[in-house]
């Protein structure tokens, strides 16, 4: 069942203003129809990309209860209410013919109506007949049509947002071939819908708006929306508005007292600012987007709270360094000031990065702060780990200090995507932090820290390449495990290289020995005097022992 994002009583964001009892009844009939194949759209519409309404027509047989005209039809209708066939734009009671159409899954034989005690009214089993009825495109809801048309093996359209007369979709890639049909069906089936758009690109970090594609209806993006008892008017194509955040807006506003002061750093069109001002709070609101600023000023006037709000159109960093700084000096040092100070930072893609400007914001001032501002900063926590811990680490990283003694609350806001949640971290700006007395960790290469902190924990591509190179080198190193496995290919190669080195080393040593021996022989011949002739019988024998010793040494 598709869920829309207009606040309700039982199903959040269901888009239907109804009571608990009637909503449960609608759900009961919805699932009852889903369990009956005869009440499904024709199977032939599967894969349809251009809407053909006539292709949804089908004829089925269903049970009917024929009521005698002398009986009270209204009483019997009330008694048989749970057995009625309820479908979109189909009347189960035909007053002129005194005929009641029953659900084929609930009534298959006369005994199924035993609890109605029809015999006491002189109505017998002959009153139950099976007759054909014609079902058309108009008799199915949009979610039943999508279930019949879209691919059965892939995720169907699960949700959408309703902003005034605009239906805002965020179609996944596999649904894009069906976008025209989806837009037309939604425009046909949802009351007050005049425009259907699809988000075509991601939200721009500068102005928090996105490019959209018109799927069906009028290109009219001026809307009027009610939220938290306030009226907002804006051009949806130029500003950021998310109805899924209405509950979060309400939570923050309920924290505020009449005497409190609110600094809204990314005010948008005023979902925090306007209801806070209606409570009597003093609000300093800022937004960089000129269209958001214009809508903010207009919405303050529209809700008659302009006297409580000061609007600015500038960069959030400049707003912190000037307007917020000056206001903090005035309010935090004023002994007569009542109420608390709150700072909302609802720009989850980059709000945590602006926390770096708060430590030491008042370091050049010789003041004593009597108030500790409470910051509500929003961020995206990505990963499978504890999202609250990830959000806390993000805040501590950009704030440069531990927030254990400053932390008030870490709250889940909404799920954005698989393994990606929007979180709120509420913490106090202490006097030591604002005056620069708290030691702040230095961040190197801050421009490289823009991704989520947990992303930085993962090995970079450069590190992965280094690891691959080290692994390749490690493969050529002799290891004991290779010997155990019998893989001696690399071992043989290394051992043969070592043998060659040892042989070459021995040859060099032997050559040096020969050179030394040759030098000794030459020097002895040069220093020895000419020999005198001796008698033959007294001829001296050569000293062979020394020569043998030298030869043995060379061989060694």
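Positions of Cβ are set from backbone N, Cα and C atoms, glycine also.
What Swiss-Prot says about this protein:
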type     : residues                     : note
TRANSIT  : 1-30                         : transit peptide
BINDING  : 249, 287, 288, 315, 316, 346 : S-adenosyl-L-methionine binding site
REGION   : 444-465                      : region 'Disordered'
COMPBIAS : 454-465                      : compositional bias 'Basic and acidic residues'
REGION   : 524-556                      : region 'Disordered'
COMPBIAS : 540-549                      : compositional bias 'Basic and acidic residues'
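The number of other CB atoms found within 10 A of the CB of residue 288 (S-adenosyl-L-methionine binding site), across every protein chain shown, is 21.
When Cβ neighbours within 10 Å are tallied across all protein chains shown, the highest count among the binding-site residues 249, 287, 315, 316, 346 belongs to 287.
Secondary structure from DSSP puts residue 346 (S-adenosyl-L-methionine binding site) in coil.
Spread of the S-adenosyl-L-methionine binding residues is 22 Å (greatest Cα-Cα distance among 249, 287, 288, 315, 316, 346).
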